[in-house]
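Read through the structure below, which is laid out as structure tokens, and then see the notes.
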Amino acid sequence: MRVKHKPWAKDRLEEFPAIYIKNPEDFKGQWQEVFGNNNPIHIEIGSGKGQFISGMAKANPEINYIGIEMIESVLVSALDKAIEADVPNLRLVARDAKLLEECFEKGEVAQIYLNFSDPWPKKRHTKRRLTNPTFLTIYERLLPKAGEIHFKTDNRSLFEYSLVAFSEYNMLLTFVSLDLHNSDYEGNIKTEYEEKFSAKGFPIYRLEAKFDRN
């Protein structure tokens with residue numbers, strides 16, 4: 001989907017340094033100082049307009065959340081939701097997922113969320129998918145031994161691709177649902193895309209996985 005460019009987005013984000021972290025590389029290994037506590041850190045890669053990450057931060061004050069979205073014109077919408085949520089455990093970062101190791105130390109992130117990521121359907125774009133082994137290698141370094149990846153999508157092809165990619169990477173699949181909203185899963189917080197697609201009758205796919213390090 002084409003994103004409308006907002007030339008004022010960067011300046012708007014920088015008006016709120018308590019929420020928007022302009023230079024996340026400066027805090028690699030020191031995110032506890034940013035939040036002022038030792039609570040676990042969960043990140044959402046591709047946080048879009050921020051409904052999910054703001055909802056999670058509000059529902060779980062004992063966890064620190066960082067929403068990561070590389071497009072500032074999109075992230076500025078997440079900023080508005082963060083301001084409205086008015087929670088101390090949420091920060092926003094504008095970075096490409098390929099650069100995450102520049103922002104976080106090994107094992108510094110307790111959990112990763114991938115919600116409605118771009119499916120990149122063309123074969124030549126496979127490596128751009130956030131569940132591609134190239135990215136799994138990055139996630140493995142960021143997560144501790146017990147760390148998990150939680151993935152949601154409405155795209156069955158991407159979900160099937162991800163199941164195979166995770167399995168071939170020798171990850172342990174701890175939860176799989178082919179119709180999340182009609183399952184027994186509790187505590188789901190919807191994204192904007194999730195509300196849109198589920199309202200049209202599309203099933204939502206979800207999986208949870210962790211790296212097998214035994």
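Even glycines carry a Cβ here, placed using N, Cα and C.
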Among ASP96, ASP154, ASP179, ASP212, which residue does Swiss-Prot name as a further substrate binder in the site formed by LYS122, THR191, GLU192, TYR193, GLU194? ASP154
Looking at the S-adenosyl-L-methionine binding annotation from Swiss-Prot, with GLU69, ASP96, ASP118 already listed, which candidate in GLU44, GLU84, GLU108, GLU140 is the matching residue? GLU44
Here the 10 Å Cβ neighbour count for GLU69 (S-adenosyl-L-methionine binding site) comes out at 25
Provide the number of Cβ atoms within 10 Å of the Cβ of ASP118 (active site), excluding the reference atom itself. 13
Including all protein chains displayed, how many Cβ atoms other than that of THR191 (substrate binding site) lie within 10 Å of its Cβ? 23
Of the binding-site residues GLU44, GLU69, ASP96, the one whose Cα sits nearest to the Cα of LYS122 (substrate binding site) is ASP96
Same chain, not part of GLU44, GLU69, ASP96, ASP118: whose C-beta falls within 8 angstroms of the C-beta centre of the S-adenosyl-L-methionine site? Give them in sequence order. ILE45, GLY46, SER47, GLY48, ILE68, MET70, ILE71, ALA97, SER117, LEU130
